[in-house]
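Quick one: the structure is below, questions incoming.
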Amino acid sequence: MDSILVTGNGPLSGRIPIAGAKNACLTLMPATLLSEEPLTLTNAPRLSDIRTMTALLQSLGAEVTSLQGGQVLAMSSHDLNNHVADYDIVRKMRASNLVLGPMLARLGHAVVSLPGGCAIGARPMDLHIHGLEALGAEIELRDGYLHAKAPRGLKGAVVEFSFASVGATENVMMAATLAKGTTVLKNAAREPEIVDLATCLRKMGARIEGDGTSEITIEGIDRLHGATHPVVTDRIELGTYMLAPAIAGGEVECLGGRLDLVASFAEKLDQAGVTVTETETGLKVARTGGPIRAVDVTTEPFPGFPTDLQAQMMALLATAEGTSVLEERIFENRFMHAPELTRMGARIEVQGGTARVTGVEQLKGAPVMATDLRASVSLILAGLAAEGETVVSRVYHLDRGYEHVETKLQAVGAKIERIRG
Ligand code: EPZ
């Protein structure tokens, strides 16, 4: 298994290109199942999760061709010949569950393995099931698989989510595009990835309004046609790289960065003493003097502070002046990076969903272990500010969500390399 060696090397300077969003691409790809005509995605990120979704779609009979080094995905689901999403693939990546809604709508049946638990929490699918059953699907859990069928097709309905679940909103919105009649999703997720999916579905002929708000209305139609769609910028990769100059000092421009995608996060950076400026080509982030100030953070559904940036923010606050309180309200077990940061000298007390972080003068490099995707990159960020060498092991977690992290950081002066394991 590869590991990454980071050596604290002072302030950074230069530009980092931000890729297309993993979490948008992982819901845009299953949208190909809704139509017999080709769907092509551009600005796709080159990540192992995208390769996992590619393998899953191909196992269902879809054609997925990766072009331009993976930045273009040319897909066609003209000849689907399998409606079972196998445990072997689904257990690797929870987002595999996003084939459920489209398959049900297109084929009238689907068998999708439950994803199983993952590092950050139980992550059940009750809200996905609730929404699809409201559209008339019959769903039964048997041998760890969801067996779903809609022999008479899906019918529009009003669906109220008890929690603004991103995946459940995506699954039900995709299914509703081919249901008979009108569907209204209440307390729907508002993430930019939902808006990107709705935009792509509209290009395919779907009738969707209200995406980006908590009430989305979908008028079902008989069939969707093909389209070409650019994947929206990855706001989590963007936020992650905004933290590099924040924690190491210096000034970095994140190319393609958009302030509207990270508004609440940028607000917290500003409070912490980091300057964020919009430029013609992205977002410039500078920390050229003065200490990082402690700030309190609570993770919430969009437009609140994103849970996927909590671990990375904790690394910054571990170097701040004062004590910060981080509340993780989305997942029940998303502080596994805390003990690893503690090995680097951070002072963190975790109690349930709350972490109290008291900043220290200087983090110290140490061998640490990645536990999940975002935890692994928070350890790299800490390594940028630490004295001495930090070796982050199990970086396969990292490769799921960050393309060439060492190359992007080397380009702005970081001392970082991959050690082939
Ligand atoms: C998406 O996961 C993202 N993944 C996650 O990013 C992200 O952290 C999460 O949304 C929240 O923003 C993708 O888009 C592929 P949820 P998803 O349904 O859809 C509970 C990353 O690092 N819940 O909004 O699974 C669930 O257990 C990943 O890129 C139910 O209880 O998130 C969790 O506690 C990690 N029942 C909370 O809701 C359900 O049926 C949020 O889940 C569904 C969810």
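All residue numbers here begin at 1 and follow the chain in the order shown.
Glycine residues also receive a Cβ, built from the backbone N, Cα and C atoms like all the rest.
Copied straight from TrEMBL:
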DOMAIN    7-409  domain 'Enolpyruvate transferase'
BINDING   LYS22, ASN23  phosphoenolpyruvate binding site
BINDING   ARG94, ARG123, PRO124, MET125, ASP126, LEU127, ASP308, ILE330  UDP-N-acetyl-alpha-D-glucosamine binding site
ACT_SITE  CYS118  active site, proton donor
MOD_RES   CYS118  2-(S-cysteinyl)pyruvic acid O-phosphothioketal
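Each of the listed features needs to be described in terms of its position in the shown structure.
Mapped onto three states, the DSSP output places LYS22 (phosphoenolpyruvate binding site) in helix.
Look at ARG123 (UDP-N-acetyl-alpha-D-glucosamine binding site): DSSP puts it in coil.
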Using C-alpha atoms only, work out the spacing between PRO124 (UDP-N-acetyl-alpha-D-glucosamine binding site) and ASN23 (phosphoenolpyruvate binding site) and round it to an integer in Å.
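PRO124 (UDP-N-acetyl-alpha-D-glucosamine binding site) and ASN23 (phosphoenolpyruvate binding site) have their Cα atoms 18 Å apart.
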Taking the residues the record says bind UDP-N-acetyl-alpha-D-glucosamine (ARG94, ARG123, PRO124, MET125, ASP126, LEU127, ASP308, ILE330), how far apart in Å are the two Cα atoms that sit farthest from each other?
22
Taking DSSP as the reference, which of helix, strand or coil describes ILE330 (UDP-N-acetyl-alpha-D-glucosamine binding site)?
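ILE330 (UDP-N-acetyl-alpha-D-glucosamine binding site) sits in coil per DSSP, no helix or strand.
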Given the binding-site residues ASP126, ASP308, which one is most crowded in terms of C-beta atoms within 10 angstroms?
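Highest number of other Cβ atoms within 10 Å: ASP308.
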Using a 10 Å cut-off, grab the number of neighbouring Cβ atoms around the Cβ of LEU127 (UDP-N-acetyl-alpha-D-glucosamine binding site), all chains included.
20
Only counting partners 6 or more residues apart, tell me which same-chain residues put their Cβ under 8 Å from the Cβ of ILE330 (UDP-N-acetyl-alpha-D-glucosamine binding site).
THR299, GLU300, PRO301, THR307
